[in-house]
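Record features, source Swiss-Prot:
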type: TOPO_DOM; residues: 1-76; note: topological domain 'Cytoplasmic'
type: REGION; residues: 1-21; note: region 'Disordered'
type: COMPBIAS; residues: 1-11; note: compositional bias 'Polar residues'
type: TRANSMEM; residues: 77-97; note: transmembrane segment
type: TOPO_DOM; residues: 98-106; note: topological domain 'Lumenal'
type: TRANSMEM; residues: 107-127; note: transmembrane segment
type: TOPO_DOM; residues: 128-145; note: topological domain 'Cytoplasmic'
type: TRANSMEM; residues: 146-168; note: transmembrane segment
type: TRANSMEM; residues: 172-194; note: transmembrane segment
type: TOPO_DOM; residues: 195-200; note: topological domain 'Cytoplasmic'
type: TRANSMEM; residues: 201-223; note: transmembrane segment
type: TOPO_DOM; residues: 224-251; note: topological domain 'Lumenal'
type: TRANSMEM; residues: 252-272; note: transmembrane segment
type: TOPO_DOM; residues: 273-293; note: topological domain 'Cytoplasmic'
type: TRANSMEM; residues: 294-314; note: transmembrane segment
type: TOPO_DOM; residues: 315-323; note: topological domain 'Lumenal'
type: TRANSMEM; residues: 324-344; note: transmembrane segment
type: TOPO_DOM; residues: 345-355; note: topological domain 'Cytoplasmic'
type: TRANSMEM; residues: 356-376; note: transmembrane segment
type: TRANSMEM; residues: 379-399; note: transmembrane segment
type: TOPO_DOM; residues: 400-420; note: topological domain 'Cytoplasmic'
Amino acid sequence: MASYTPSSSRPHTPLGLSPRGSYTNLASAAYDASSPGGHGAKDEKERLRAEREVQEALLKAQDGVEKAKKEEVCMPASTTVLPILSYCVASIMMTVVNKFVVSGRQFTMTFLLLAIQSFVCVACVWLAKRIGVINFRDWDMNDAKAWFPVSSLLVAVIYTGSKSLQFLSIPVYTIFKNLTIILIAYGEVIWFGGHVTPLTLCSFFLMVGSSVIAAWADISTTLSKLSAGVAVVDPISGADVPLSSISVMDTMNVGYLWMFINCLASAGYVLFMRKRIKVTGFKDWDSMFYNNLLSIPVLFVFSLIIEDWGAASFSRNFPEEGRAFLLSAIAFSGAAAVFISYSTAWCVRICGATTYSLVGALNKLPVAASGILFFGDPVNFGNVSAILVGGVSGIVYAVAKTNQAKVEKSKQARGGESKA
């Protein structure tokens with residue numbers, strides 16, 4: 001049989017068209033495919049087809065991103081207002097309720113309080129899963145062993161946070177919590193190869209400045225109380241006591257000591273949890289369920305060992321005249337923790353991470369103001385200035401992290417294009 005020889009004449013190839021698309025090459029490819037030695041052409045065709053599929057997938061992904069951006073821009077205001085308000089209300093409510101619970105006269109059973117809150121939180125999450133509102137992993141012993149160190153760190157975080165709230169005003173507590181962000185950022189630099197941008201560093205200076213202003217205002221108020229012989233805060237119970245019962249140094253230092261420990265514990269908790277999440281693959285509700293469930297026995301054991309379970313201690317911590325209301329507030333605070341987790345996830349899902357960061361930064365202002373409104377914290381130039389500077393530092397930090405995320409995303413996109 002005579003072999004097929006393609007014609008050497010062909011139409012003019014348009015400028016920019018690959019020679020692969022010419023008539024001669026296509027005919028040659030057909031000939032190679034029909035001959036025993038045409039395997040190379042088949043491989044070439046397969047490679048080209050795979051490249052086309054990859055390009056189509058990248059185009060679809062890019063179209064999806066652009067569509068999501070357009071939907072987010074065109075999203076009605078009423079759609080985003082509700083999750084933002086829910087997150088803000090949950091944060092304020094949780095802080096105010098916890099401050100109310102631990103501010104009772106001579107309240108010393110903090111571990112028992114936290115155990116009750118964790119139990120209520122687990123019950124609410126389990127009930128929400130049963131009725132189909134949320135979903136998370138079932139109990140697994142291997143997951144529990146891997147996550148137990150994280151839960152132990154969480155116990156330290158919530159205990160030191162409660163003690164800080166017991167001795168510090170809400171504005172001072174809220175402002176000093178910003179220092180945790182600095183510790184976490186430099187922890188990521190050391191252990192995860194992160195970096196701090198100049199704008200992020202500027203926000204850190206503002207955070208430190210707001211903390212110094214808040215501490216100066218708080219110490220000035222305490223010194224003025226001491227000089228006037230007015231009641232001050234007892235470092236053991238957190239209650240107001242006469243001047244003669246307490247020393248000046250204890251008054252000023254104990255709250256800041258608890259706050260410093262809380263910042264260290266919070267940073268360690270976040271950094272260690274980041275490592276463990278990679279091992280366990282936990283989602284938000286998984287970590288919340290295991291955190292609270294595993295912390296219950298730890299809190300209960302510490303309560304039995306450290307705290308006084310005598311009848312006199314119970315009547316002092318849970319006075320009979322307000323016992324029902326106090327226990328209801330404790331249970332409510334446990335349920336509020338679930339509400340915070342849900343509203344946070346809702347806000348991120350509907351509004352995006354950027355909006356959530358800005359809302360979280362601005363939300364420090366009403367949280368700090370709630371202490372002035374509900375607990376009579378002093379309104380003076382120092383407190384107001386510290387709150388405003390702290391709010392600005394949070395906004396600058398949110399903008400810095402957003403810009404950093406955009407730069408990293410563009411680098412990843414360029415890296416993907418170069419590989420393709």
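Cβ atoms are placed via backbone N, Cα and C, with glycine included.
Remark: the transmembrane segment (107-127) makes no contact with the transmembrane segment (77-97), by the rule of 3 or more CB pairs under 8 A. Sorting the topological domain 'Cytoplasmic' (273-293) by DSSP state (H, G, I as helix; E, B as strand; all else coil) yields 18 helix, 0 strand, 3 coil. Sequence-distant residue pairs (6 or more apart) of the transmembrane segment (294-314) and the transmembrane segment (172-194) include fewer than 3 whose Cβ atoms are under 8 Å, leaving the two stretches without contact. Between the transmembrane segment (324-344) and the stretches 77-97, 172-194, 201-223, 252-272, 379-399, the greatest number of Cβ pairs separated by less than 8 Å involves 77-97. Among the recorded stretches 201-223, 252-272, 379-399, the one sharing the largest number of Cβ pairs closer than 8 Å with the transmembrane segment (146-168) is 252-272.
If you count C-beta pairs under 8 angstroms between the transmembrane segment (252-272) and each of 172-194, 201-223, 379-399, the highest count goes to 172-194.
Model confidence over the topological domain 'Cytoplasmic' (273-293) is summarised by a mean pLDDT of 82.
Nonlocal intrachain contacts for the topological domain 'Cytoplasmic' (195-200), taken as residues 6+ away from its ends with a CB within less than 8 angstroms of a stretch CB, comprise 185-186, 189, 396-397, 399-401, 403-404.
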